[in-house]
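Now, the feature entries from Swiss-Prot:
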- 26-155: domain 'N-terminal Ras-GEF' (DOMAIN)
- 206-236: compositional bias 'Low complexity' (COMPBIAS)
- 206-244: region 'Disordered' (REGION)
- 260-326: region 'Disordered' (REGION)
- 275-296: compositional bias 'Low complexity' (COMPBIAS)
- 297-310: compositional bias 'Polar residues' (COMPBIAS)
- 311-326: compositional bias 'Low complexity' (COMPBIAS)
- 353-582: domain 'Ras-GEF' (DOMAIN)
- 586-658: region 'Disordered' (REGION)
- 591-612: compositional bias 'Low complexity' (COMPBIAS)
- 613-625: compositional bias 'Gly residues' (COMPBIAS)
- 630-644: compositional bias 'Basic and acidic residues' (COMPBIAS)
- 646-657: compositional bias 'Low complexity' (COMPBIAS)
- 698-857: nucleoside 3',5'-cyclic phosphate 1 binding site (BINDING)
- 940-1006: domain 'GRAM' (DOMAIN)
- 1059-1087: compositional bias 'Low complexity' (COMPBIAS)
- 1059-1108: region 'Disordered' (REGION)
- 1105-1218: nucleoside 3',5'-cyclic phosphate 2 binding site (BINDING)
- 1167-1210: region 'Disordered' (REGION)
- 1182-1303: nucleoside 3',5'-cyclic phosphate 3 binding site (BINDING)
Amino acid sequence: MTDYPFYKPDDETNIIYNININKKEGFSAIKSCSLAKLIEKLTSTKQLHTYFSSAFFLTYRDFTTPLEIINLLISRYTGPPPDSSKDSLRLFEIEVDIVQANVLSIFRTLIGTLIQVDFDTPKLSSSIIEFFNSLPESVKNELFLEFFKAKKMARPPGSIPKPVNSNIISSAASTMRFSYSVSPKTQSPNSTNNVLSGLLSNNGSNTMNGINGTSNNNVNSNNNNNNGTTNISSPNFDPSRSSMKMGKGIMKLLQSNIANFNNQQNGGGGGGSNNGTSPQSSPSSTLSSTNSLFNQQPSLSMLNDDGSVQNNNNNNNNNNNNNNVNEISTINVQLPPSTPPINGIPGEKTAFLPEAIAKELTIMEWELITALSVSDITSKEWNKSVNIQNLTTWFNRISSWVSTKIISKETPEERAIIIEAFINIANFAKELKNYNCVMEILGSLHGSSISRLKSSWALLSQKTNDMFQILNNLMTTDGNFKNYRKILTTVLPNEPCIPYLGLFLTDYTYLDESNPSLSTDSNLINIDRIFLISTRVQEFFQLFTNCNYTFISNMSVRDAILGEKVWDENEIFRLSKIREETSSLQSLKESNGIGNSNSTSGGSSSSLVNKDGSGGGGGSGGGGSVNSKGDGKGDGKDNRDGRGDGNSNCGNGSGISSKDKDLLLSSSSSAASHTVRRKNFVTKYRMSFTGNDPLPSVSSTLSEREWKILTTNSKTIIYPRGKTVLSVGETNTNIYRVISGRVKVETLKSFNSSDADLGAGGGGGGDNRGEDNSLMAIKARNRLSLNLPAQDDGYYVEEGEIFGQESFLYTDRPMLSNIIVDSGECELMEIEKSFVLQLFASEHQLSATFYKFIGVIQAQLLKSIYINFTSNYGNGGSGGSGSNGNGGGSSNGAGGGGLSSSVSIGNLNSPNINRIDFKRRSTIFETPSSLDILRDGNDSSFRTKFGLSQDEVIIKRYQCKHNNMNGTLYITKHNLCFEGKFLGINKNKTIPFDRTDKILTVDKNIMTVTTKEKVKKFTFKSHDDLNEGYGISVQIWANHLNINVKQQLQLQQQQLQQQQQQPSQQPSQQQSQSSQLQQSVSASSTTPPVPNSPKVGRGESFSNIKDLPSKDEWNQILKGTKPLTFKKGEILICEGVEYQKMFQIVKGECSVVKSLLPTPLDQNIFNNINNNNNNNNNNNNNNNNNNNNNNNNNNNGNNNNSIFKNNSSISNTNSNTSIDGGVGGGLSPQTLVDPKNSVIVSKLTHGSIFGEMSFLLPGGSATSLVVSSDEVEVYIIESYFLHILLKSKPYLASKFYKYLACVLETRVRNLT
């Protein structure tokens, strides 16, 4: 007798019922049963139990296989065999119609759960097809149609996009955009493809922005994303909805499981990897946010695809005849949106209300969550599920974006505004029932990076704090999210809701792991588990199924959000420590009543008031942020002139180092008044979206006010045309600014015939050791090979620009160029170096701005050399000599040999080519900041108060006492001014320098100013203030009277000697005072004696230069670095791509490579470079401006041309990788450098830095960087980290920017 699995009597071997439950209750009465008994019960009812059927197929793969179920269903459909028992045959005969109908219904559900692996199993497919063929014709056709449709729609378990090769340097900070794919099976009508831009298709048909999707269909679907309902391929659920009750202690168990999962996922490291192997664990990033939301920031799982590069289809025919050389199609590199315009004028900032932002975030997350299918959840391979990974990545990106937006703001007030804005966004998201968004924002606000910003949180209004507390109570983890689960039960069936995905995955993980699929004692199927999991899945999917939001997407808001920058989690943490350190020191300053007497720097320029309007402290001339009691509180008034109302000295700065004081004074006050904050109420809740908004950083230009300070001791000189201002070999000790007219800087570098012959037609071996391989030398050799006269390279310094800035970088270095007047009459301002250096000793912010300004000038000059070199390529009609000296020229104007340092470049500087008039940015002033405007207002009020001329500005101010009256002493260009208050009456005194006979110092921190009328005494708070103020005052006074500063020192020493003869004096103290004064005065005429900086963090040797970063200071900078290793031939930087990073070579060697053909960046900046192309078309499309004669430039090249002398070809090992933000669609970094049309400019070795030009200037990189040694290790530091670090530490910024200026000046000098 054949064993038939059905119609067996119920016993403990095949079914177990729950106690005290009527068996007539159906499956709810069953505790566990065998698979055959389950199918028997499921198919024997008159009406199929659709809810249990759907619930069963959610979890059936945990205890059986599709093939086993198919065999049982076929056996159930055909009935018992003839030799079965009579009872079995009789029972089947009675219910045959019901059974067969139910079996076919179950078959339809089963087919919908099959995946590609199942269809690829021959035995399973053949069993289904054979069974279908045995059915009646009408039923057979219907089932076959469903079967093949499901097979076509089936896909293998989705895999997340491969992460970008960690060795490829990102071209910009990550943005909200990231790449992902969506299967047509799970793609919702809302077009999930359109949620996140940056989607790169294989054929590169995407738009550059990625905002509009990949096709017109996507655009249309996005515009109509609210007009339909969302359907998901899920089983039919019971319409009843009940909240899942979770027992106590569940979260502790989950934390243990999740911790184990995170260790598997991340190897104990940070969150960034999603390559875990545990199929029953939830994504680390989402779950870690669930369990430690209020203890730490969610870990990041970033995919750095914030931009794209597409191939231009119009250029598909370029290089099509070259079969042996790497082909390069014309690549249209779109500069990132963060690139400021060339003229330095930023665009308008867009701003949106929190409600608009919350709505757009809701729409985008709705499109993502409605793409989820039940199979994404039940497969438990969440690390391979594309839709879950999209939501997980989105969750972490939003959380990181919130942190980035807050940390990027410089002042506590600004950070408080952003925090309030995000709390309002979260509140609107709660009203929209987007609880996933609420958790994204709360997860960031409760992270350690944001929660430590106490000074910012203290500025929140009570209304915002109450709102924040309500949100916390709603999403608190207390009672296993009791409040959140309760609010979900109130959501109506037709009301759209976006639940918190992390909690659902946590619940699913718990239910799956705490309820075994088979009972341990009887090995029967656990029916309770099926009900528990199906109920939870039903609750989750029912929240966003068959309903939709009624509002439509706002593309402006979407584009703004997707263009926002997202920083690395670890760097956010480090930057928040810097922010909190700055705010803590500021609070300490206020609590101690420290005014602004020791330094006047603050904000983005050199001087004189803090950002909150405070000035020189808490005396009668104090600065508004410190009152008469020295308690650090303001008077509540908007004192635009920086004056306070106190009558007594405030506390001193004991216990705070000079660096900390500088940090204090450079930071903004966190004690802004409530009245002032309420003035910004209208705009404070409109968040500015600039994804490219430049970070608060040291200004790269000097304002007119700063120029007035720097030119305090300057003199004006008028030169006629042709007059040589400075000549080669002369030692310059000043800096000059052109007031009117212009001068020419002539950089003459001659090459004798022997030097030129090294690269021209002699020597067949081509061993060119000992030759000058600089860019200018190559150009000169090629000019000699064409019998062209030598060309002197130079540039013009126009009105408002400066020259001679090298004197501030080096001491006693002879001039390497001639400075000649090139206009009818030229008026120059000669700025005294000694006074400026004396001022820099205390004005670190002004010093940093000045040296950054010089660095920018050097970077622009270097960039102009590169672009001019490119613009003159290929214009000669004669070919140059080959790299081996064989002179086999070609008509394209380029040598045909492999690229080496001595490659012939052809007629680079043909006389018929106009040189580019590169206008340097030293005359372009940035838009004045609010702080600049405030300072200008203070100067205006100050001039009015003392009746001074309009050219007067406050250089320094000090708290002091005069005639028993506390006040403030101001040092200006022409006067000493004292402002005090006695018995409520203001006392103002002005002492012109030109009416002063002498300035001396005496005991007890007293400086005496002698005039014809009488001697005035000013008592400073400290010796440091006295020495600093005295040194600056003597410099200005001596300049007014043309007195030698050393004579003043001798007078002071004579006075001290006379005083020493009196018994009442203390000789030791006077000698100490004399020594201090001598140091102060000598510092006014020489560079401040700072110890030489060790050679740490740099390769160039600047051992004779002072005021460079020390070893400890370099360690501060290198804290934000990331080490990466590259192999020989790999390209670290691609020309034309913007890199918001700086790099340092730790080990190995790299070659700086310049393309001989204009890059798209060159064409965008200088659209006149290619005006002489053979196709003189008048269109302005720079990306297609290459002439047709250049299409075959690569046809004559040799095989495997290399940019290295050893002829090793460029490695293509990373051909499948992409550069973040710059390259996509299968393009590798190697395809961006054409070895035939490139030349090595220089070599960089251990310790060298690069990327400094991109750090100082906007736009893409001017050169490429290629690894030339076997291996190179580099440190990478993000520019935003460096900007914030330097902005918060002006004393370090001054040294760092001076170092950058020295590096760039050296490179310019080597190329000219």
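Keep in mind that glycine also has a Cβ here, set from the backbone N, Cα and C atoms.
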Fill in: Minimum Cα separation from Cys1150 (nucleoside 3',5'-cyclic phosphate 2 binding site), reported as the residue among binding-site residues Ile718, Gln838, Ser1294 that achieves it
Ser1294
Worksheet entry | Euclidean distance between Cα atoms of Ser1294 (nucleoside 3',5'-cyclic phosphate 3 binding site) and Asn818 (nucleoside 3',5'-cyclic phosphate 1 binding site), Å | 29
Discussion item. I need the least crowded one of these binding-site residues (Val698, Ile718, Val738, Cys1150, Ala1262), counting other C-beta atoms within 10 angstroms of each C-beta.
Written reply: Ile718
Discussion item. Just to be sure I understand, if DSSP states are collapsed into helix, strand and coil, how many residues of the domain 'GRAM' (940-1006) fall in each?
Written reply: 10 helix, 41 strand, 16 coil
Worksheet entry | Spatial neighbour of Val698 (nucleoside 3',5'-cyclic phosphate 1 binding site) that is closest, considering only the binding-site residues Glu1135, His1246, Ala1262, Ser1294 and their CA atoms | Ser1294
Item to complete: Using Gln838 (nucleoside 3',5'-cyclic phosphate 1 binding site) as the reference point, find which of the binding-site residues Glu1135, His1246, Ala1262, Glu1278, Ser1294 has the shortest Cα-to-Cα distance to it.
Response: Ser1294
Discussion item. Just to verify: the residue among Glu798, Glu1135, Glu1278 with the fewest other Cβ atoms within 10 Å, which of the binding-site residues is it?
Written reply: Glu798
Discussion item. I'd like the per-state residue tally for the domain 'N-terminal Ras-GEF' (26-155) from DSSP, helix first, then strand, then coil.
Written reply: 100 helix, 4 strand, 26 coil
Practice prompt. By CA-CA distance, flag whichever of Ile718, Val738, Glu798, Ile1105, Glu1135 among the binding-site residues is nearest to Ser1294 (nucleoside 3',5'-cyclic phosphate 3 binding site).
Written response: Ile1105
Worksheet item: In terms of DSSP three-state secondary structure, what is the assignment for Ser1294 (nucleoside 3',5'-cyclic phosphate 3 binding site)?
Response: helix
Worksheet item: Taking every protein chain shown into account, which of the binding-site residues Asn818, Gln838 has the largest tally of Cβ atoms within 10 Å of its Cβ?
Response: Gln838
Worksheet item: If you average the pLDDT over the domain 'GRAM' (940-1006), what number do you get?
Response: 86
Worksheet entry | Ile1105 (nucleoside 3',5'-cyclic phosphate 2 binding site), number of other Cβ atoms within 10 Å | 17
Fill in: Pairwise CA distance, Ile1105 (nucleoside 3',5'-cyclic phosphate 2 binding site) versus His1246 (nucleoside 3',5'-cyclic phosphate 3 binding site), rounded so that it is a whole Å
20
Practice prompt. Within 10 Å of Ala1262 (nucleoside 3',5'-cyclic phosphate 3 binding site) by C-alpha distance: pick out those among the binding-site residues Ile718, Val738, Glu798, Glu1135, and say none if nothing qualifies.
Written response: Glu1135
Item to complete: Work through the binding-site residues one by one (Glu1135, His1246, Glu1278) and name whichever has its CA nearest to the CA of Ile718 (nucleoside 3',5'-cyclic phosphate 1 binding site).
Response: Glu1135
Practice prompt. List the Cα distance (Å, whole number) between Glu1278 (nucleoside 3',5'-cyclic phosphate 3 binding site) and Val738 (nucleoside 3',5'-cyclic phosphate 1 binding site).
Written response: 36
Discussion item. Using a 10 Å cut-off on CB atoms, tell me which of the binding-site residues His1246, Ser1294 is the least crowded.
Written reply: His1246
Worksheet item: Distance between Val738 (nucleoside 3',5'-cyclic phosphate 1 binding site) and Glu1135 (nucleoside 3',5'-cyclic phosphate 2 binding site) at the Cα atoms, whole Å?
Response: 34
Practice prompt. Work out how many Å separate Glu798 (nucleoside 3',5'-cyclic phosphate 1 binding site) and Glu1135 (nucleoside 3',5'-cyclic phosphate 2 binding site) at their Cα atoms, rounded off.
Written response: 29
Worksheet item: In Å, rounded, how far does the Cα of Glu1135 (nucleoside 3',5'-cyclic phosphate 2 binding site) sit from the Cα of His1246 (nucleoside 3',5'-cyclic phosphate 3 binding site)?
Response: 22
